[in-house]
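Engineer: Heads up, here are the entries from TrEMBL:
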DOMAIN    46-360  domain 'Cobalamin-independent methionine synthase MetE N-terminal'
BINDING   Lys61, Asn159, Arg565, Cys566, Trp611  5-methyltetrahydropteroyltri-L-glutamate binding site
DOMAIN    476-798  domain 'Cobalamin-independent methionine synthase MetE C-terminal/archaeal'
BINDING   Ile481, Gly482, Ser483, Asp649  L-homocysteine binding site
BINDING   Ile481, Gly482, Ser483, Glu534, Asp649  L-methionine binding site
BINDING   His691, Cys693, Asp705, Glu714, Cys776  Zn(2+) binding site
ACT_SITE  His744  active site, proton donor
Amino acid sequence: MLRLKSSLLGTFSPRRRPPNLHPQLSLLYQIGCNFLQIGRIRAMASHIVGYPRIGPKRELKFALEAFWDGKSSVEELQNVAKDLRISIWKQMADAGTKFIPSNTFSYYDQMLDTTAMLGAVPPRYEWTGGEIGFDTYFSMARGNSTLPAMEMTKWFDTNYHYIVPELGPDLKFSYASHKAVTEYKEAKELGVETVPVLIGPVSYLLLSKSAKDVDKSFSILSLLGKIIPIYKEVLDELKTSGATWVQFDEPVLVMDLDSHKLNAFQDAYAQLEESFSGLNVLVQTYFADVLPETYKVVTTLNGVSAIGLDLVRGEKTIELLHSLGFPSDKYLFAGIVDGRNIWATDLSASLKTLKSLEEIVGKDKLIVSTSCSLLHTAVDLVNETKLDDEIKSWLAFAAQKIVEVNALSKALFGEKDEAFFSMNTAAQASRKASPRVNDESVRKMTSALKNSNHRRTTPVTSRPDMQQKRMNLPMLPTTTIGSFPQTIDLRRIRREYKANKISEDEYKKAITEEINKVIKLQEELDINVLVHGEPERNDMVEYFGEQLKGFAFTVNGWVQSYGSRCVKPPIIYGDMSRPKPMTVFWSTTAQSMTTRPIKGMLTGPVTILNWSFVRNDQPRFETCYQIALAIKNEVEDLEAAGIQVIQIDEAALREGLPLRKSEQTFYLEWAVHSFRITNCGVKDTTQIHTHMCYSNFNIIVSIIDMDADVITIENSRSDQKLLSVFREGVKYGAGIGPGVYDIHSPLIPSTDEIADRITNMLGALDMNVLWVNPDCGLKTRKYAEVQPALTNMVAAAKLLRAQLSSAG
């Protein structure tokens, strides 16, 4: 919402703009001009749930990393952050957005921000109270030289990661971060009235975990009464500062909730109701539909003025609105513009949906919104020079989605931009008919896949002996996950090659030298199964997408994964196939440098799917099967070239798992089937590995059904939760490598620490199936961290081998 002092309104005229205005006054002046234009649009009702914080060209990433490396000051980091926030608010104000969010910016993660707000700092960080500063904040996020970071896991079914709160019955809460109020005031000083966004109290608790050594009988929801007073303090301060709307993000409402959890929502908002006086309160959900019982609860919460619903992934919610109706005293924030993908909204179809909702809710109570925060999409299509005009016309990044939201809102109020709608209709038709999208030969091959389960002929329990005869590995074999540190020089070489500043021969020579360095280092460390380090790869998905037909690529289409880590998802726009081998040259080059086995490194079809912007004109499983066929061709070429160990990473298998349990079985069936397609034709002596990050071990039966010979899985940062699955009786006959140390932390584990972890693993797993490896790839770390950590890892494995041999 825009709120400007009435005494200033008469001074705002684009024709009378004063010269040499200070940047912030210039913003205020421009907003005033926009206000006059917006005023003629009858209470235009538009809302954005949240916006990307990294900046159009990753400005926040570079500012954070410079600060962490000691190359810039706190003030410099804060100035970059402030400029980004101002730019975002201006962009939304210029587009005419009525409900502009604040407090969606974060230096690392919005859940961590809430942990700071509540003063819920784990005792190991020795925080002594007061306003939480960067030292404590970033130690919780990243760890430090003496302390590990807090656990990080996936944010629902997205590729974003959040820092998991660690809570216990003795934790003392206090109002320890005033960030929400500070940012609201910052916007207000610019003349921009915003809606402060808070993670709701129930979602915060249900997305937390019990601290280590807390009694199993402890219920996280028992802390509700302790955190509500902090929320009340925040609300009181926001009201005092002039806020009239507050948004509570309660995404847990789209999950399968029992009566106990639903009652917690009713209890929380009943306790908060008194503090809601003088405020309009929006409860926002996203990522899926809400179940009927949940819908009945959320639409009757005490003191709540508005409900935000995802109507893109929540198609069944639209049915609920029609069948159960909507409270006449509440606003509906209709999430009709997709915040999870980059395809342009079908404006005509969306307007039709909105008009049908208008009949239920009423025009004055209907607000056009995004389905979720735009955090999960790329920032601005204007920055793209690599995409051709046809594909560009099919797309909308975050900046364009703001325009779409406001165009739909205006159309709903009788101010339809006919030219804009006509252009959108033409683009929709162009995409549907384009020969670049449709390849009949690929569709026929994909259709034929459904007639087989694509299993290898010999059972997984019988293959290890044949593979061991070929490779002769020791007990507790050591390996790494794939990537080695990507140095500044390495990135420069790839960048110069892409820009045609160095020749192909110069590029190959530089990459070959880097591979040789990585191979020699691993041999010196005495690692058993080696990797080539992936120096030629910019990203584990983009690298493959660039070599597959049916993909498009951006220059600045970055999306935040966690902290300063950003990914640039490829765009799957059409039917896919593999024109030629993608990894064989570099894998065989690496194998020629050593007698030890080198892993051929591939990204699996499910991960390529889940880490791309996927076409929305056919079922996701159809697209996944197409990718699986392409990877199958690559696996068979690697085997034919003499590569005896092939790793097909499925880091994102869990990520695509539907939030609703009733939908999970079907997803797991086609996802696991897609993986098996890739390697069903290899020899028994070829060892197939896969790797998973932050997996949900409740799906262990499906993981076993993948039929891989060795599975490496994140384990250390989640307090070794994986091991509990095997202690509870799950039998696994193939190789397994639970990560022995967390690569996301700069903390270097000692040999004894790693040996203790391996010993703990041996309490749940047979020594003949256990592998020793880090949690994940080493791309983001420095060699000064990697070399001592791997040295200690190998030493720990040798120590345990000696102990097991003497005991035997």
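Yeah, the Cβs are placed from backbone N, Cα and C, and that goes for glycine too.
Are these features on the surface or tucked inside, and what are their neighbours?
Structural biologist: Taking the Cβ of Lys61 (5-methyltetrahydropteroyltri-L-glutamate binding site) as centre and 10 Å as the limit, one finds 17 other Cβ atoms among all the protein chains shown.
In the predicted model, residues of the domain 'Cobalamin-independent methionine synthase MetE C-terminal/archaeal' (476-798) average a pLDDT of 92.
Here Ser483 (L-homocysteine binding site) comes close to Val531, Gly533, Glu534, Arg537, Met540, Gly777, Leu778, Lys779: these same-chain residues lie at least six apart in sequence, with C-beta atoms under 8 angstroms from its C-beta.
Of all Cβ atoms in the protein chains displayed, 23 besides its own lie within 10 Å of the Cβ of Glu534 (L-methionine binding site).
The Cβ of His691 (Zn(2+) binding site) lies under 8 Å from the Cβ of Ile481, Gly482, Gln647, Asp649, Glu650, Ala651, Ile711, Thr712, Ile713, Cys776, each of which sits 6+ residues away along the same chain.
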Engineer: Return the single residue from the binding-site residues list (Asp649, Asp705, Glu714) that has the minimum number of other CB atoms within 10 Å.
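Structural biologist: Comparing Cβ neighbour counts within 10 Å for the binding-site residues Asp649, Asp705, Glu714 gives Asp705.
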Engineer: Tell me which residues of the chain lie with their Cβ under 8 angstroms from that of Cys693 (Zn(2+) binding site), as long as they are six or more apart in sequence?
Structural biologist: Ala651, Ala652, Glu714, Asp775, Cys776
Engineer: So what sits near Cys566 (5-methyltetrahydropteroyltri-L-glutamate binding site) in its own chain, CB-to-CB under 8 Å and at least six residues off in sequence?
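Structural biologist: Result: Ile54, Arg58, Lys61, Trp558, Val559, Gln560.
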Engineer: Residues with Cβ closer than 8 Å to the Cβ of Asn159 (5-methyltetrahydropteroyltri-L-glutamate binding site), same chain and 6+ apart in sequence?
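Structural biologist: Listed in sequence order: His376, Val559, Ser561, Val567, Pro569, Asn610, Trp611, Ala652, Glu655.
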Engineer: Counting Cβ atoms within 10 Å of each candidate's own Cβ, which of the recorded positions Arg565, His744 comes out highest?
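Structural biologist: Result for the most crowded candidate: His744.
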Engineer: Measuring Cα to Cα, how far is Arg565 (5-methyltetrahydropteroyltri-L-glutamate binding site) from Asp705 (Zn(2+) binding site) in Å?
Structural biologist: 32
Engineer: Excluding Ile481, Gly482, Ser483, Glu534, Asp649, which residues of the same chain place their Cβ within 8 Å of the centroid of the Cβ atoms of the recorded L-methionine site?
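Structural biologist: Nearby residues not in the site list: Thr480, Val531, Met540, Met601, Gln647, His691, Gly777, Lys779.
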